[in-house]
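Asks: Okay, so Swiss-Prot annotates it like this:
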type: ACT_SITE; residues: ASP129; note: active site, proton acceptor
type: BINDING; residues: LEU16, GLY17, GLU18, GLY19, THR20, TYR21, GLY22, LYS23, VAL24, LYS39; note: ATP binding site
type: DOMAIN; residues: 10-288; note: domain 'Protein kinase'
type: MOD_RES; residues: THR20; note: phosphothreonine
type: MOD_RES; residues: THR162; note: phosphothreonine
Amino acid sequence: MESDGGLSRYQKLEKLGEGTYGKVYKAKEKATGRMVALKKIRLEDDGVPSTALREISLLKEVPHPNVVSLFDVLHCQNRLYLVFEYLDQDLKKYMDSVPALCPQLIKSYLYQLLKGLAYSHGHRILHRDLKPQNLLIDRQGALKLADFGLARAVSIPVRVYTHEIVTLWYRAPEVLLGSKSYSVPVDMWSVGCIFGEMLNKKPLFSGDCEIDQIFRIFRVLGTPDDSIWPGVTKLPEYVSTFPNWPGQPYNKIFPRCEPLALDLIAKMLQYEPSKRISAKEALLHPYFGDLDTSFF
């Protein structure tokens, strides 16, 4: 048994960034030369952070080609290291590096995102922090979901959850308006925002605080009322004096977009969570009709 918990089997190469609860390094497995991502977790006084334990248990439960693989867990002194497969870059960095994404690549990335999500949701796991930075891609065109730090097993009936989830720009309106009971539709809203960002090459709703985020959504999609979204006026953060914006047609929001893409994104950005398309349903949408899915 190695005194360092097995850490000496890996050579750290460079720091990749900060995750939900610790630093992430690119490293090489000395014996095989395989590149890995090492996620270093600071152990709290009472042991392993609950977010880390959640990620470990969920990822071991969810082996799927569109979910980042967890190879190993190393315990070294007062630190825990998660050893993940390494991918070249994330979707955010890639989008920043190109003038535009070609329509077929958008379709492929969206399909793979939905595949990983449908699988996770099928295992009753919400991701809750979907954003381009958490979607890893490789040079072969594969896309995988990463950073399940906020992920949560869904219990039925829908439980009361914290609403401090998801980077503001990708946060579902029911969460922004203070709903504490929510389920898989929160992830589908985030997918709609990511899809829109790939189509327009800029974030769909880039608010700088919660009320700004709410207003940005309302300006684009219209201010919802009980006729559009039954029960919205009873949510804790809903205010009857919200400005009444009419909303814009989807072909104006996404001017260079094919009609089937507009139809799919409209189904993802439904205000009423129960009317929002599921990942499983979205995979069957005719938008993907011309995509060669044998690759996935």
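Quick reminder: no glycine exception, Cβ is built from N, Cα and C everywhere.
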Asks: Between the Cα atoms of VAL24 (ATP binding site) and ASP129 (active site, proton acceptor), what distance do you get, rounded to the nearest Å?
Replies: 17
Asks: Counting across all protein chains shown, how many other Cβ atoms sit within 10 Å of the Cβ of LEU16 (ATP binding site)?
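Replies: Total other Cβ atoms inside 10 Å, all chains included: 17.
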Asks: How big is the gap, in Å, between the Cα of LEU16 (ATP binding site) and that of ASP129 (active site, proton acceptor), rounded to a whole number?
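Replies: LEU16 (ATP binding site) and ASP129 (active site, proton acceptor) have their Cα atoms 19 Å apart.
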Asks: Which of the listed recorded positions (GLU18, ASP129) has the least company, meaning the fewest other Cβ atoms within 10 Å of its Cβ?
Replies: GLU18
Asks: Tell me the coarse DSSP state (helix, strand, coil) of GLY22 (ATP binding site).
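Replies: It is coil.
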Asks: Quick one: pull the CA-CA distance for GLU18 (ATP binding site) versus ASP129 (active site, proton acceptor), whole Å only.
Replies: 15
